[in-house]
Structures are given as C-alpha cells and as structure tokens.
Amino acid sequence: MGLLSIIRKQKLREKEVRVLMLGLDNSGKTTIVRSLLHKDIQEISPTMGFNIDTISYKGFNINVWDIGGQSSLRTFWFNYFERTDFLVWVLDASSLQRLVENFKEFDKVLREDRLAGCGLLILINKIDIYDGDRQKLKEAITDTLRLKELQNHSWNLLCCSAYTGENLQDGLDWLVSEYEKKYYIL
Amino acid sequence: MDDESGISKISDILLQEIDHSLTIILRERQDYANLSETAEYETFKKAIEQFQPSPQLLDSKLRDFLERVIRSYIKNCLYEDQDDALDTRISCVFYQFAKVRGTKTVSNCLPSDISLISIVLKRGSEQRSWESRFFLFVWLSVLILAPFPLAKIDLHLPDKIYNVAFEYLKTGSKETDAASVLMARFLSRVDSRDYRDLFISEYFNSLAWEHESNVFAKIGILSTINRMLKILTLEQLRNHLDRILTLISNEINDDSQQAPSSILRFFIKILGKLSLFFMRLEQYGNIEDIVSNLLKFLSHNDTVIRYSTAKQLSKIGLHLDSDSRQDILESLVNLLDISFMFDEGDEFQADLHLDPETIDIVSFHGVLLTLGEFCRLRLMSKKWITITGSICHRTLFVEQHRLTYSAGSNVRDASCFDCWSIFKKYRDAEIPPGVIVTLFKDLILVSCFDGDLMIRRAASATLQELIGRHGDLLFRQLSVPSQYISMFKVKLIEILDYTALGHITKSYQLPSQIYRRLNGLMHQEFVDFLLSSGIRNYNYSLRKLSSQALKEMVSISSDYDAENVIMKLRGEYKLCKEDGILNAIADLLSLLPERSVDSTQYHAMISNFTFDFHNDEFSKGEEYLHLLKELVARLGFQLNSNELDTVFNIIRTNREEITDEFKELSKYLKDIPLKYAERWIYYVKNGNLASAKALGYSPVMRERSQEVLELLSDIRLDANLRSSLIDSVSIFLQRDGYLNKTFIQGKLKLIEQLDDYTVTNKGDVGSFIRISSIDMIFENRDFFSSEDDRQAIEMRLLRLSCEVMDNVKLRSFSLLRSLEHWGSQVEDVTQSELLHNPQKYFGILLKLYDNENLCLESSKEFWKGYSFSGGSSQAVDKTINAAVYAFLRNWQVLTNEKKCAMLRIIFSLLGKGPLMKDKGSKGIRYNKMQTSCLRFVCNLIELNLEIPPEFELESLFVRTYNMTLGSSNYLRLTIAVRILTNLYLRDPKKFHGCKKRLQWLGEKHPLTKVKARAFEALQEIEFESQE
Ligand SMILES: Nc1nc2c(ncn2[C@@H]2O[C@H](COP(=O)(O)OP(=O)(O)OP(=O)(O)O)[C@@H](O)[C@H]2O)c(=O)[nH]1
Ligand SMILES: [Mg+2]
C-alpha cells in the first residue's frame, strides 16, 4: 500500500477530482482559476510554468493544474502521476483567428493515452468583450474542434468570462454532475 | 495507471458487449439455445473482469443491467423449479456485477417490490448453488427495506429471515457477505428491535465468543456488526455500544491469544465507528480506551492492519477538539523511539536523534501513515507540520540492513506520503518555509538516489505537488531570481520524468542534468549526500553509481577541487575503512592531471589493507584493484611487494568484476618482478581465469610466450582456461606482438587450436577454444598472412563453417569471408538471415565449394563439417533437413562429372583413415565423423539422390560393408542396414551382396537389437519385391 497506490485509490472516496487546464496562451486560464478562488485577477502575467490549485466545491476537491499555453511548454503537459478526470480547454473569444491552431493542439492533446475517457469542458472565455451571435460562435467552435465526432468523452461547451464570472459556476456544476453521473449515481 | 487508461478507452465497447451478452444469457430474445448461453456467459465474464481497475465505469449502465437480470429471473426462474442451470447462470451474472462493483453498490440498483419477499425468501432458504443464494439474499436485503411491518405479510416472516441470514452468516463461504448485508438491513428495521437485542446479547458476549471456535462465524458476525454501525441510528444502538466495546477490548487485550488479521480488521473498523457514537454521547473515557487500543495496532506486523488503524485514528482525530487531537499526536510520536522535545516543536529539528539501523520499522511505518492521514485531513497545526517535517527529514532515508535484504522502504514511502499530504493540503502560509525548503532538498535526493524504484517515483510525485503548489515560495526561498522561477519549475518536473526515474543508472545521472539546466541547483547537497552516504551505501551497485555520480558532480564545476575531496576521503579512510571509499578515491583520481601527486601517501594509506578471499566480499578486492589501476595510470605508482601479494590474493576470487579490474590494472603494470611473473604463470597453470584473461595485457606474456604456447596444447587444462589464454594471445598480438619470435614460429600451433573438439560432461567445451581461435585470427589477420597460414586456416574454416553449432559456424563464415579473395565469392547476407534461414546458408556454402577449385584436403575438411550438419546425432532435425535439402537442390545444377567427383570425396571419408585406430579423443572424433557421414549419405540416398550411371556405386556398398565389420556401434549399424536395404532395392542384381550381408547380420550379429533391425530390413525387401 504505497503512496502511489494511495494516490490512485483514495481519489473516489475522498472526492478528489483532477482537472487539467489547457489552451493556447493568453486565453485566460489563470484568470479563470483565480477568479474561481476569489483571488485578485488584476495583473496576471503569462504562466511560464505551471501551478496547482485546489478549488473546493460542493464537497469536492477539484485539483486544477494550470499549465502555461506557450508552445514551448506543450511537451510538458503530460508529465504527472495521476489520471486526469477532466480536461478544461479554454479559448479566447476575442482571438478567433487562432481557431485552427486551437484545433491542431486540441486534437494532439486528445491523442494522449492518459486522457483516455476524460470529460471535456470547453470554455469560450472573454465573452464579455464579444458582441457577435453567441449561438453561432458555439456552433462554429463545435465544428472546428469536431466535437461531435468525439468518442469516449463526454463534453460540454460554455461561453464564459473570467472577468464577470459569467458561467464559471455552471462550468463547475457541470464537472461535478458529470463526475457524479460517472461515479456516484448510486 | 496504465490499466486504468486502458479500460477507459474501451469501456464503451465493453459495455455494448455486455449488453449484447445479456440479451442471450437472460433469454431476452426468442432464438436462444442452451449451448450458446454458457459460452456467452464466459464472454460476459471476460468483458466485465476488465472493469476491475475502474469499476465505476460500469455505473452508467449498471442499473439497466441489473433491472434486466431481475426481470429475467422473475420471468424464467422465480416461480419455476425446472431449470437449475439457468437459475445459477443468472445468479452468476449478478454475482459478477457484485464482485466487480461491490455488493452494497449493486444492491442499490435493485428494484423493491414488497410482494416478492416471501417467494424470494423461500427460494433463498432452499438447497441451491451458493451463487443463487448470494443473489437472493442481496435481493431480499433490498426488499425488506420497505417501511411496512413484515409480520403483517406473514407472522413468521421475521423469524424466517433472521434464521436463514444467521445460518449462512457462519458458513464462511461466498454467500456470507450477502447474508451479512441481509442481516444488517433486517436488524436496522424499526420492527426488528427484539432481534437486534437477541443478536447482540446472544452472540456478542465473551462467553459466546470464546465458545465459538469457528473463525468464519466470527467474521460473519463482525461484518454484520460493522454494517449495523453504518446504517443503524444512535437510538437503535445506544444500549449495545458498551457491550460491543467491552467484548472487543477484552479480546484485544487478551494476551493469551492474538486474533488473526481477518478478525482484527473488523475490530479496528468497529472501534473507529464506535468512537463516533461515543463522541455524540460525550463518553470521552470510552474514546480514550479506543484510541489507546488502536495505537497498539500501529505496530502490528500486517501492513493492512496498520493502514486501517491509521485511517480510523485520523477519523477520530477529525471529530475531536484540537486539544484532544494534540494528545493523540503526542502519543503517536511517543511510540517512536526518539526523544522529541515538544516544547521546541515550533522549531524545525534538523538532527533528530534516530538510528535507522535499530528503530522499529513497523511502528515507524504505522505512525508515519497516521501522521500522513492527519495531514491529509488538515488536522495539523503549524507546529505539528514542523514536527512531522522534522521526522520525515530523517525517515525519508531510513534503511535497515539485514543479512540478505534491506528493510525500510515502507517507512520511506510513508514519509513521502506525509510530505505529499502536507504539500497538497496546506497553503503556503500554513507551512513554515524552512520545512518546505528542507523537504524539497530531501525529496530531490530521494528521487535521484533511492535504490527502490517505487520510492523514487513516490518522491517525485510528491515533488510535483510541492513545486506545483508552493513552487514560487520555494524558489524565492532558494534565492532563485523571480524571472527564472517558472523555468525552474518546468525543468525540474521534466527532469524528474516518470521513465527516467525507472532506470537506476539514469536516475543517478539526474543531478548533473539538474546542475546543468538549473544553474547548479543543489550542487552542494548532492556532493554532500554522495560523500557522506551514497558512496558508502550498503548496496554494492548503488555505491558504484554514487561514486560515478560524485566524480561527475565534482568535475562539473570549479566549486570543488578533486584533490581536496580526495584528501578528505583519505582522511576518513584512515579513521574507518568503510566499503566504497577506495572506489570513490579511484574514480576521483581520474580527474587529476597525470603525475600530479606524490604517490608515497597512497602506499601509506593502503599499507594495512588485507584481503581474505575466503571471507571478504569480492567488492572489497575490486575497489582495491580499481584504485591501484588509477594510481598506476595517473601517478606512475610503483607497486611494492606487499601490494602485489594482495593483488594476487584478490584475483583468486572468481568474479567477472575482479577479472575486469585486473585486466585494467595489467594494462598499466610495466615492470613485474620475476617472482610475480612466475606466480602469474603458476596461477594460469592452476586454472586461475583472471590471470589467464589479463595475461595478454601484460609484459609477462612477452617473456613467457614459449610456456604459454605449450600450455595451449596441454589438454589437461580446462577448456575455458585455454580459450581465455587464446584471447590473451590475441590481445598480446594486437598490442605489440607481431614481432614475437615464439608466436611467429608457433603460428601453426595457434591455427591448430581451430581443431579442438574437447568434450566433457559439460558438452562441447572445445567450442570455446574454437571460437576464441577464430576471433584471434580475425583480429590478427595481418599476422596470419603468409600463403601457408592462409591455406592452413582456410581448410579449417571450410569445416568449421559447416559445423553444427551456430556461433561457431557463423563466426567461422565471417572470418572466411573477410579473408582475401573469399569475400568477393560470397553474396552479401546478414548474420541474422544466415541464422534464421539455414537452408539458404548451406546453399551459399555449396555454391562456394562449387566455385572454388579446392585441393583434396580442403574438400575433405569441407565434407567432414558438412557431414556433421547433415547427419550427426547432435544436430537438430531442422539443421539436418536444411543441410540435406540444400545439398539436393544444389545437386540438380551440377554436371555428372562434378557429381561423381563429389561423391568420391564424400565416400572416401567412410574409408579407413589414419585415425581409426587412435584411442584418444581424435580417434573418437574421427569415428563420430564417419558415423555422421554415413547417416548423411543414407539420408541422401533415401531421398532418392540421383546418381550418374557412370558412377561406381559399388564403392558405397564396399565402404558400408566394411563399416559393419567387427562393429558393435548400434547407431552406425542401423544406418548401415538402411543403406544396404536401399542399395539392394535400387538394383537387386548388382547389390545382391547387400542382402547377403543383411542375412548375416540378422542371424549372426551378437547384438539382438541389430539382428532385429536386419531382420526387419529383410522383411521390407521381401515385401517390396512382391509388389
Ligand atoms: N476581457 C477579458 N479578458 C480576460 C478574461 N480572462 C482573462 N483575460 C485577460 O486575458 C489575458 C490573459 O489571461 P491569462 O489568465 O494570463 O491567460 P492564460 O491562458 O493563463 O495564458 P498563459 O498562461 O500564457 O497560457 C490577461 O490580460 C487577462 O486579464 C475575460 O474573461 N475577459
Ligand atoms: Mg496562465
């Protein structure tokens, strides 16, 4: 009964959820996490490394790994010991010209063995400064990321804003309910 | 982890498979057939078993599946008694779900229909398979949860349920678990009060307990109590709690007998639950009793017990006020044999007194696990985090050395767990920065240097939490400039990679990577650790790895001067001759410029070194040799007689490591006094491998070459030793021996080593010699370059290339190809192709033979070798077939003239030879060759080898006939019988002599077995001629 097996076994009982937060640089990952932790969201500098934070929500400990989106860090995204329950993919609604790059990375990430079967939450962030048609935007992104073709992953797509807090709670609610659906229906 | 992601990927498909299987097993379709149901059940079982690593993945479909199980059972079995097999099969399906996903979870998915209670109960009480009972009990346990008075359904219903549950609670078979669920749920009913009292008062008192000798019954009762404590209310239990506690306390404290782990586990769980009830009742005395009882189990021998205890203690801690919690923590630490000053708890205690060799490993493990649980539940004050940190600072490195193994990895693992919990559960401000920094450094050392892979990984997983959550604080503490902090985090995690940690050699190289990529981070700590403990590690290979790592870390920067480090180690060696120091000094010496140090101090340092080859570890000798080699190589050190004596003492140890070091040393030893040169040769003569293998590097070889040459043909010497000597000659020749007169004159003797076929009870040990000789010639082609040499070698290689042993023949073949003019004759094929396609190989050889105009002698050698592959009893069928079929295929393209010439040569091998009378090994060998050749020929003609009409086949008859004269070699005679038969059948007129000989053999041969063979042959002839 070593540490490594404790890490694995206690996850369920202790309601430990592991979330990997990925997405291109400057999309707002760190701001979202800090906003959820009710921390100051002014003057956040680009994440050159990574941070782990725990958000306690509805009795769950949601351990979020926020990893910098710079391309130099992308090889580093999968170096860890635990299984990932959810991948949260953050997009920037104000920089839609990067959608193709988004798909490229997203697709690569999902090929990772360690993400097999994990839930996917796609957040379209900075919706506060987006003034187009949200529904259309969501459809466009669903198509670009080919979400409908995904197998073995449950997914959800939300527009949100780290600034106003819009939909962030909903995102967490979805994670928790998915988790419960998967593991605690009984 | 890999299992888990494996199942995640395919879970959807598996669920579909299960879905499909169920339609058949549960007879949901009309077209079922009995047979396929059984097969389908196996498919189902295979599918569901794959969910074992992540059973929750079943949940999305579980309810649906189980409802279908119930529906099918109701429809097909519940009211029938015909089909027991179906009943069992459906129950098995249910059991599989329960086994993989847990009884309780599965029971939650069952529908409750109160009207079914009686019939389910009835079936459950009947004689059935245990699977059926298991299923019915669990089902029943759900049905009876209905809030409706059971007695209203049937007055005796409660009695019946109680009795049947009780009966199977005690059997210890697989339905016990279900019976226990049923009982607990039954007893939790509002109207079961009397049964509750009965159950506990009757079975849970010391008298009944002592009386009950059946462990299974006890386990059944305990597991029911444990479940009751989970689902019953305080009110329902109030009157029983004391009784339960008393019984368990008595049992635990009964020194006359120790309960088995299976029972203790329940005691512990029950105590944990009891304490929560007592807490609500504010009966703190009882809680104290429970805690002190539990503390005892932290040093129980069974890990599972310790772990379970740790969890219960921390659960109790969770519900206590902070003062009482403090008390528990203090008693925990008091279990450890360390004098801890709690008053100083606020300060980190870097050098807690703790002797890893004498501590009680088991208690440490138990206590550390509990501390870890406390951390995980955030029950620690800053002071206690500091205390835990102080302990871990030591326990992360605990190792206890026993004769054949070392203990303590569980303590190190639990220490990682403590750190992991602290870093994961506490925020920056809650952990003293000093603790973070110290444990960070410790964990890095553990990740790089722990001998146990699981511990290296555990430490590294802990570091991820530490760096991910407290990285900014940590690196600020370590004075890393803020613009570099992110880079440090990323690089460190990258370096401490899961796979890199998997290889011990790689993980020992991580420090230098950290140094290079992270501005010398931890440089001093690495060096200090390696110096103070790494290079002296109890484990031999870790010692060596440490020494290499130390050398690397010293050489990498100008902060350290190799000479100073060596001086320090020399001083330490003077005080205490620990294993590993000499090795470290030796490795460091290689960093010094040549001849930069006065060597006298080293003579002094090792003057007291002794080696007892009977008792000392080989490693002690190895490091001594290693040191001498570096001293001689770097400092021009001259060995005195004391040192030489020691060297010759050490090399008596037959270990590859010793031989290797001695070889290295020999390369540098220039002047060897006569006395030691003689001793060297004396050692060789007496079979010492190290001295034989190292001789080639030594000037002794030059002086003693004549003796060595003679030793080579001394067949009393062990083949391995002679092969080593040949290796040495080879090295000697390569280094400077082409002008050596003895070997120039003795060349033929060297070449003749290719003919060594010594056989002992270990088999063809001569092959070692042949291989060494081939290699020797290969490495020294220029030395063996005269026309005579070439001929002598080629002739032999032709034979060797056709031999049976793969590694001889392929080596020989490459040597042949490397010789001038042969290379161009041979098509280019890879070694592995040759190895895996023997027929192709023999084909190439035959083509070669065909292209060359070989002299008679060479041709004969070729066929001698070929006969072995084509007919020897050592060759496996695959080889024989390959040789024979390659021959037949090649045969087709030959002219008749060539065919005749070839047959003549082959048959000549069957004739009288000069060696036939030789009683020695050469004669034996020659005889074997003849028998092989005879069999080869026999194989050929039995496969209808087409023989040119002009060929005088009678010669084969004559040779065969002669070979049967006076022979009692059964193998040979049976082959001869086969040949004679074949010849006669080919041409009865021409070969009537064959039949005559067979008749003689059948009647007169002294061996009955031979007679029988000949007789059978005659019958065959009879039979064939009638056709
Ligand atoms: N308008 C608007 N700006 C936002 C929102 N969220 C983040 N930003 C801004 O977007 C910029 C990038 O935010 P970060 O949180 O650093 O982005 P990131 O994804 O962590 O970037 P990397 O760490 O480089 O991968 C910052 O200037 C934020 O203030 C949002 O919801 N609305
Ligand atoms: Mg960021």
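Keep in mind that glycine also has a Cβ here, set from the backbone N, Cα and C atoms.
Of the residues A:GLY69, A:GLY171, TrEMBL puts just one in the GTP site with A:GLY23, A:LEU24, A:ASP25, A:ASN26, A:SER27, A:GLY28, A:LYS29, A:THR30, A:ASN125, A:LYS126, A:ILE127, A:ASP128: A:GLY69. Cβ neighbour count for A:ASP25 (GTP binding site) (all protein chains, 10 Å cutoff from its Cβ): 16. For ligand 2, the nearby binding-site residues are A:LYS29, A:THR30, A:THR47; that is, of A:LYS29, A:THR30, A:THR47, A:GLY69, A:LYS126, A:ASP128, these have a C-beta under 6 Å from one of its atoms. In sequence order, the binding-site residues from A:LYS29, A:THR47, A:ASP128 that place a Cβ under 8 angstroms from a chain B Cβ are A:THR47.
Look at A:LYS29 (GTP binding site): DSSP puts it in a helix. Of the recorded residues, A:THR30 (Mg(2+) binding site) and A:GLY23 (GTP binding site) place their C-alpha atoms 11 Å from one another. A Cα-Cα distance of 8 Å separates A:ASP25 (GTP binding site) from A:THR47 (Mg(2+) binding site). Note: the Cα of A:GLY23 (GTP binding site) and the Cα of A:THR47 (Mg(2+) binding site) are spaced 12 Å from each other. In sequence order, A:SER161, A:TYR163, A:THR164, A:GLU166 constitute the residues six or more apart from A:ASP128 (GTP binding site) in its chain with CB-CB distances below 8 Å. Long-range C-beta contacts of A:LYS126 (GTP binding site), restricted to its own chain and to partners at least six residues apart, with a cutoff below 8 Å, comprise A:GLY28, A:ASP92, A:ALA93, A:SER94, A:SER161, A:ALA162, A:TYR163. A:LYS29 (GTP binding site): 27 other CB atoms within 10 A of its CB, across all protein chains. Annotation: A:SER27 carries the greatest number of neighbouring Cβ atoms among the binding-site residues A:SER27, A:THR47 [cut-off 10 Å, Cβ to Cβ].
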